[in-house]
Each structure stands twice: as structure tokens, then as C-alpha cells.
Amino acid sequence: METTDFFKDAFEYTYHFNQKLIQLFENEKEAIPEKSIQLLNHLINAQQIWNERILGEKPSIAVWEIRSLQTLKHSNQHNYNQSLSILKTIDLSRKIEYKNSTGSSFSNSVQEILFHIINHATYHRAQIATDLKTNGINPINTDYIFYKRK
């Protein structure tokens, strides 16, 4: 599998389960814990911020900003489309110079950043699953292999 094909598949997986989580949050509105709401916003906001950094744009949102579920749904779609566009148009070995949320400067390749986006989202979806279960809500199974069995 080519690297770009791997990333395309991984972004499809990320998009799919982000949308499923948004749908679960819509269905269970009143019962969703605040921590889960914060984490879902954070993982979608972070993908947007990383995409903007890759594109040389100033981040347009705070990493912990809370948005409506409808806005998150649209942002997740936009992030997915933008990530796929980055895969098609930007060399994965290209170095990106950026500042983190505290102002420290760093440099990473596009490939490293794209992998981080996917890994970061998976990590926080696991935290959301734990939080939901702790609060009596059945989490969805977001394991990659489960997704591939569909």
C-alpha cells in the first residue's frame, strides 16, 4: 500500500467514527458528559489547526473551543476534505515550520503531522469511550479492525 493510500484510508476511518460520535452525541444530548463534549471538540479542532499549519495559515480556532454538534459535523467534513487535498497536493516529506498553542516553534514533516492527526484522534476517541461508559452510556466500537470488517 502506498503511503498516500494508507493516509487516505486512515482519514476515511477518522472521519467515519468522528461522524458516528457526533451522531451518538445528538441522540444522547442530555446524557453526554462535559468531558466527552470537550474531547470531541478538541480532536476535531486539532485536525483543523494542523491542516491550517500545513497550509501555512494561522489557526482560526482555539484547540479547546466548544462548538455546536452541527458545526462539528460540518468541520469534520471540511477537515476530511482538506486532509485529502493535502495528500494530493503537498509533498509528504516537506518540512512545516509552526508554533504550538503556547508559542514555541517546531518543525515536522507533513507525513509526521498527518500521522499525528490520526493518532491523536484515535487516542481521544478512546478517552471518550471510557468517559461515556463511566457515565452509563454505551460507547461505539471505534477500533480500526472493526471498521474494516463492515
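Note that Cβ sites are derived from N, Cα and C of the backbone, with glycine treated the same way.
The candidate list His16, His42 contains one residue that TrEMBL assigns to the divalent metal cation site with His120, His124, namely His42.
In this structure, of the binding-site residues His42, His120, His124, the smallest number of CB atoms within 10 A of the CB marks His120. Take the mean position of the Cβ atoms of His42, His120, His124, the recorded divalent metal cation site; other residues of that chain with a Cβ within 8 Å of it are Leu39, Leu43, Ala46, Ala121, Tyr123, Gln127.
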